[in-house]
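**Q** Below is one structure. I have some questions about it.
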Amino acid sequence: MLLLQALLFLLILPSHAEDDVTTTEELAPALVPPPKGTCAGWMAGIPGHPGHNGTPGRDGRDGTPGEKGEKGDAGLLGPKGETGDVGMTGAEGPRGFPGTPGRKGEPGEAAYVYRSAFSVGLETRVTVPNVPIRFTKIFYNQQNHYDGSTGKFYCNIPGLYYFSYHITVYMKDVKVSLFKKDKAVLFTYDQYQEKNVDQASGSVLLHLEVGDQVWLQVYGDGDHNGLYADNVNDSTFTGFLLYHDTN
């Protein structure tokens, strides 16, 4: 082995003779010193090929946050979106403050008041049974809806009417009935007490149509005709409209 190494050394020297002269001391470091021990005959091999790239290493740790940048410019206005669905009705809000009073309105038309009334009395005690009693003593008959010549009230305004009568009874019993359109609707009977003046009365509500007639008359024979009146005792018949029909 030593012989082979010396031979290689001699072969190397001529290749460098034409160049600069190199001493043995300068070349000595380039030679690998022979190993010692059991492998004293080892010789350096030819350098191998470069190895493959290793696997990528792990990602490094996150760096510290940078400083906040400056605010950017506002972007352009985007297109108008589609109309959304109608939302649910919200809760009722609190009651507002009262508003200021409005202006006074123009005067309205006066409502028309329907009037129909009469109040009459008996001037004589002479009456005929079974015919209308003619009350000729007029207390009130401004609308002239009562006719003293016939003793009848004639309806000119349809509606609800109130009728009443107060009869003085003397010398005989009395039977009086109130008629509407030839039909008795109310009856009053009073039995005379000797040496006394009695009173008989009655009242009723009736609905009348235009043209209806209402009156009083004594019914029965002459024995039941104690109807009486003088200058201190009256027998009266009264009626008036309460409500007129609106349709």
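Every residue, even glycine, has its Cβ placed from backbone N, Cα and C.
The following feature annotations were taken from Swiss-Prot:
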- 58-73: compositional bias 'Basic and acidic residues' (COMPBIAS)
- 45-110: domain 'Collagen-like' (DOMAIN)
- 111-247: domain 'C1q' (DOMAIN)
- Thr23: O-linked glycosylation site (CARBOHYD)
- Thr24: O-linked glycosylation site (CARBOHYD)
- Lys68: O-linked glycosylation site (CARBOHYD)
- Lys71: O-linked glycosylation site (CARBOHYD)
- Lys80: O-linked glycosylation site (CARBOHYD)
- Lys104: O-linked glycosylation site (CARBOHYD)
- Lys36: 5-hydroxylysine (MOD_RES)
- Cys39: S-(2-succinyl)cysteine (MOD_RES)
- Pro47: 4-hydroxyproline (MOD_RES)
- Pro50: 4-hydroxyproline (MOD_RES)
- Pro56: 4-hydroxyproline (MOD_RES)
- Lys68: 5-hydroxylysine (MOD_RES)
- Lys71: 5-hydroxylysine (MOD_RES)
- Lys80: 5-hydroxylysine (MOD_RES)
- Pro94: 4-hydroxyproline (MOD_RES)
- Lys104: 5-hydroxylysine (MOD_RES)
- 44-105: region 'Disordered' (REGION)
- 1-17: signal peptide (SIGNAL)
- Asn233: site 'Not glycosylated' (SITE)
**Q** Whole-number answer please: how many Å between the C-alpha atoms of Lys71 (O-linked glycosylation site) and Pro94 (4-hydroxyproline)?
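**A** Between the alpha carbons of Lys71 (O-linked glycosylation site) and Pro94 (4-hydroxyproline) there are 42 Å.
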**Q** Going by Cα-Cα distance, pick out whichever of the recorded positions Pro50, Pro56, Lys68, Lys80, Asn233 is nearest to Lys104 (O-linked glycosylation site).
**A** Lys80
**Q** Where the distance is taken from Cα to Cα, which of the recorded positions Lys68, Lys80, Asn233 turns out closest to Pro47 (4-hydroxyproline)?
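**A** In terms of Cα distance, Pro47 (4-hydroxyproline) lies closest to Lys68.
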**Q** Pop the Cα-Cα gap between Pro50 (4-hydroxyproline) and Pro56 (4-hydroxyproline) into the table, whole Å please.
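**A** Checking the Cα atoms of Pro56 (4-hydroxyproline) and Pro50 (4-hydroxyproline) gives a distance of 18 Å.
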**Q** Counting across all protein chains present, how many other Cβ atoms fall within 10 Å of the Cβ of Lys71 (O-linked glycosylation site)?
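**A** Cβ-Cβ neighbours of Lys71 (O-linked glycosylation site) within 10 Å number 6.
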**Q** What is the interatomic distance between the Cα atoms of Lys68 (O-linked glycosylation site) and Pro50 (4-hydroxyproline), given in whole Å?
**A** 47
**Q** Are there any residues at least 6 positions away along the chain from Asn233 (site 'Not glycosylated') with a Cβ closer than 8 Å to its Cβ? List them or say none.
**A** Thr168, Tyr170, Val197
**Q** Cα-Cα separation of Lys80 (O-linked glycosylation site) and Pro94 (4-hydroxyproline), in Å?
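**A** Just about 34 Å between their Cα atoms.
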**Q** Looking only at Cβ atoms, how many others are within 10 Å of the one on Pro47 (4-hydroxyproline)?
**A** 6
**Q** Rounded to a whole number, how many Å is the Cα of Pro50 (4-hydroxyproline) away from the Cα of Pro94 (4-hydroxyproline)?
**A** 87
**Q** What is the Cβ neighbour count of Lys68 (O-linked glycosylation site) at a 10 Å cut-off, with all protein chains included?
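**A** Step by step: centre on the Cβ of Lys68 (O-linked glycosylation site), count other Cβ atoms within 10 Å, giving 6.
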